[in-house]
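Below is one structure, written out as structure tokens, with a few remarks after it.
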Amino acid sequence: MGMDLSTLRTLISRYCVAKIPRQQNSLLQVHILELYTEEYVRAVQESRQLYFLIIFLVQLIIDTPTSPITSGLPLFFVITVTAIKQGYEDWLRHKADNSVNQCSVLVVQHGKVVRKQSRNLTVGDVVLVKENESFPCDLILLASSRDDGTCFVTTASLDGESSHKTYYAVQDTSAYNTEQEVDSIHATIECEQPQPDLYKFVGRINIYMENEPTARPLGSENLLLRGATLKNTDYIYAVAIYTGMETKMALNYQSKSQKRSAVEKSMNAYLVVYLCILIGKAIVNTALKYMWQADPNRDEPWYNDRTDTEKQRHIVIRAFTDFLAFMVLFNYIIPVSMYVTVEMQKFLGSYFIMWDDEMFDEELGERAVVNTSDLNEELGQVEYVFTDKTGTLTENNMEFIECCVDGHVYVPDAICNGQLMPDAVGMDMIDTSPGPGAREHEELFFRALCLCHTVQVKEEETVDGIKHGIHQGKSTSFYISSSPDEVALVEGMKRLGFTYLRLKDGHMEVLNREDEIERFELLEVLTFDSVRRRMSVIVRDGTGELYLFCKGADSSIFPRVVSGKVDQVRARVERNAVEGLRTLCVAYRPLSPEQYQEVCHLLNAAKLSLQDRDKRLAEAYDIIEKDLILLGATAVEDRLQDKAADTIESLHKAGMKVWVLTGDKMETAAATCYASKLFHRNTQILELTTKRTEEQSLHDVLFDLSRTVLRQHGGMTRDTFSGLSGDCPDFGLIIDGATLSAVMRPGQEDANSGNYKEIFLEICRNCSAVLCCRMAPLQKAQIVKMIKTSAEHPITLAIGDGANDVSMILEAHVGIGIMGKEGRQAVRNSDYAIPKFKHLKKILLVHGHYYYIRISELVQYFFYKNVCFIFPQFLYQFFCGFSQQPLYDTAYLTLYNISFTSLPILLYSLIEQHINMEILKKDPSLYRDIAKNSLLRWHNFIYWTVLGVYDAIVMFFGAYFLFDNTTFTSNGQMFGNWTFGTLVFTVLVFTVTFKLALDTHYWTWINHFVIWGSLIFFVVFSLLWGGIIWPFLNYQRMYYVFMQMLSSGPAWLSIILLITASLLPDVLKKVIWRALWPTTTERIQNADKLYKGHLSEFTPLASLHAPSKAGSHRRGSGNHRSAAHPRRSEPFNKKLMFTRWQRKPDYSTFTPLLRFTDGSRHTLQGHGYGGAGPETSV
């Protein structure tokens, strides 16, 4: 009977995989591959660094007017900082990999338990795993510490589900509880090749008992996946089936696509423009140089030290060399340091989200998490929000509300057997008594819900460190399951008098109302799947009667029912669905012994098949689950999350369109949308559902809806309105998954039907909100991609909490994961993670707003200060015979962007607050002022560039004309070219720093220290650089130049006059624009100064908005009202408000419980004037 484990290992490896992989460094290899692949793609996309490298090489190869250090040092600085950032992140990944690869695993060898590192596990090793430990590889469960051979597992790290799942040991090995017994197993395993599907596994184990093999099927219920965690089970023995990169977790690895923000795309576009300007400057100077030297009396300046050989080269070679030299001289117009400053700003700025105490959830003990700092500013540009419903808008905390048996309603602790309970005096409804004849059906219904589930009973007092089941100081049992709905149903039955006790020795025990224990033998479990949308159990009661109990969605139960009060139950199901409750129907079927034998034969044949097992099981289930007798239905409530409605209302006011993508039925999802204020009482609902397309063709329905919305809006899309007004009809669209598939189908059979996708998009654009129900995970991603790639290319955000939301989170421009009860799959694949849906309001309206304002100023300011920096160098060539003579000293060229002007703008981009945080939260409409990348549009870019050219001209020609005549210092020395360049550079540094100071609204001691400290550092550096003879320099052309300049009174006067002349036009423009055409932001800034920072406490913000222009429309303006739909979570006196409805639900006529008005008016988005960039709106 016994067999050495090496034989088992050999046989498993023979049938499972041709090669036994090693576990070592599997995660590390994946991460390193990801890192270098991503960096390679990023390097190709960001070819700007290649450009800077070429400039540096040109300086090394040919004789250029500037030292290679001037380009090499900034490039080295950029690469170093980037490498440190990437290296730090890689070190964190490497540290995490080592914690996995080097963790200790208990392995059974020769009847003893030994320790191995997880990297050394191989196929066929028998592993001992204890409670709360993770599985090191994919395992087949052989034995468990539990008597029934089961174990509980959480798979949160794999599929996002944190609830407990039950797995089963192989039937013939489940009794082996010692190392010696497990070591004696004689068996072979046949299984499929490794595949990534987490929910599918097909295999067979042949156990040799006295040389006679016994075949047992292996399925997903026997497979323990790597990364899952053992819970509430002392220990298990399991055999390794897939290891290393062949585990399902490794096969599911998916690298994130590189997401690039709108600001980064604008930066690259500006870079191209400045590159063209640079090439144009070089070409113009090269041409003018040879035109100037065409005169025989003019030649190459003597100080360029050109040899006769160089002068005698072909003119094309000389011209090309001069072109490269001019490129090097002017290349500072493209700021290499801007990109490292942007990287630092994003990296450091992300900590403000993680440090935000308002986004800390005490219940979870979690803060917001930033997984991708590259998209911070994209949070301020969102136009579409796609959200999941269950666990995102709702709490995913199920509460049993009522059940209906043959049309009679039972509410726990309120109505039972038609009698009003003492605690329910405030209820509107008293049901009629079911009568004695229906009592049998009633109790059969309660027994069905106590038996048809996969709930497990936990006797201990604590689970995962949390106390459960404490009643009057004593430890009692409580329920755990992979489905919170099942726990709610079993607990509801307990409140109605039927208590599920336990599963023991293959028997389910139920305590009835008479405190008698009923035992049912559990024969088969037909597990739930998303295709059937139902589950069943086959049990034998104490009298030997056989029953099949089935529960599932109404759409999957009603077609299989042959008798029962279908109409009464269906009416109740529809009524509860309209209220937003999750409904299930319950049915049963008595089985004869002959029918049961047939069922067993069908199931065993399907389970033992290695080919198409799922298909054969589905066929068997379809045959078994028929001819059912309807018992009744249940209603479970999933409450809205705290402040979910307020968050959605704020997003609407901010100009964002919110779409709900859910797998729930239409009625339930629609009720949730009303309660969350996605739909309002005056919202006109447009339905694009299977029910309607069955009555009309899809073509006709789409064109009818299109005519409806376009007729009301007069051909203008809602994007043109940028919102709603009281005069503009408010449309809401509901579409289901089946209709969406038809709409998204690439080619329609009817050639005259037109493009359905474009018509659908046109309808959606004119709807304030869209509800997509019965959605598959892939369809969620398709919806996001469709909007993302539409003609307007809007910025999209997807938010969800479960594994089924990962696809849309990865597809959207910005993906946000909710730290909910469905695990961490969405969190790990997201760009940002927040504890609750309500935190979305602050991360978008406050953090997103600030990030965009800050980085917009940073980008424009960097280009501006480099135009100011290099344009005088271009003008200087006209006065030095185009000899490529630099205007500034090498030290100034090198340190201008690295030291003298970098820290003030970096600090500005981290802490600037142009408007108080509380005002941004109070008035979401301010988000519209920065929509559609408004601060980085071309007119703003041109303004900053023209401003830079103007300042450069003032600095250069101002200094030139002020010192046109020979000017002497106090000791009689004349100003030379280095003194002239130093004077221009001094004016430049002070001007660009003062410009930033004028744009700063939020002053702290740090601002003062950095801004004035940078200027002091420049002065001190210049004094030291020119006041000391440095031994490492071959020549020191700046010796005593700065001090000589400062010793001249006219120089001081010139610096003051030129700084004033440079800043004056921008200041005047701001003052005039702010006085005559103020933006909403500027109005609030002025009022906030008037109230000394207490505007948010005293002033109605609507009064500060600019008056509406003719034809402009905003959502939330006028007497726009919203209504929350009645919810079952209200007290009992409101709980049964549905009894007032006597007709089919009308989505647009629900009685509101909550109302609000907002009389604010807003100007058209963009404010349509050609003023300055960020400074005009802060």
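In case you wondered, yes, glycine gets a Cβ from its N, Cα and C as well.
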Query raised in the report: According to TrEMBL, which listed range is transmembrane segment: 860-882, 975-997?
Result: 975-997
Report summary line: For PHE528 (ATP binding site) and ASP801 (Mg(2+) binding site), the CA-to-CA distance in whole Å is 22
Query - ASP801 (Mg(2+) binding site): nearby binding-site residues from ARG582, GLY663, ARG774, Cα cut-off 10 Å - result: none
Query raised in the report: Rounded to the nearest angstrom, how far is the Cα of ASP805 (Mg(2+) binding site) from the Cα of GLY663 (ATP binding site)?
Result: 11
Query - Contacting positions for the transmembrane segment (269-292) when only residues 6+ beyond its ends and CB under 8 Å are counted - result: 48, 51, 298, 315, 319, 322-323, 326-327, 330-331, 333-334, 859, 863, 874, 877-878, 881-883, 941
Query raised in the report: How long is the line from the C-alpha of THR390 (ATP binding site) to the C-alpha of ASP805 (Mg(2+) binding site), rounded to the nearest angstrom?
Result: 11
**Report entry** Other CB atoms, at most 10 A from the CB of ASP805 (Mg(2+) binding site)
**Finding:** 32
Report summary line: All chains considered, the count of other Cβ atoms within 10 Å of the Cβ of ASP801 (Mg(2+) binding site) is 32
Query raised in the report: Rounded to an integer, what is the Cα-Cα distance in Å between ARG582 (ATP binding site) and ASP805 (Mg(2+) binding site)?
Result: 20
Query raised in the report: Rounded to the nearest angstrom, how far is the Cα of ASP805 (Mg(2+) binding site) from the Cα of ASP388 (ATP binding site)?
Result: 7
Query raised in the report: Whose Cβ, among the binding-site residues ASP388, ARG774, has more other Cβ atoms within 10 Å than any of the rest?
Result: ASP388
Query raised in the report: Taking the Cα atoms as reference points, how far is ARG774 (ATP binding site) from ASP805 (Mg(2+) binding site) in Å?
Result: 14
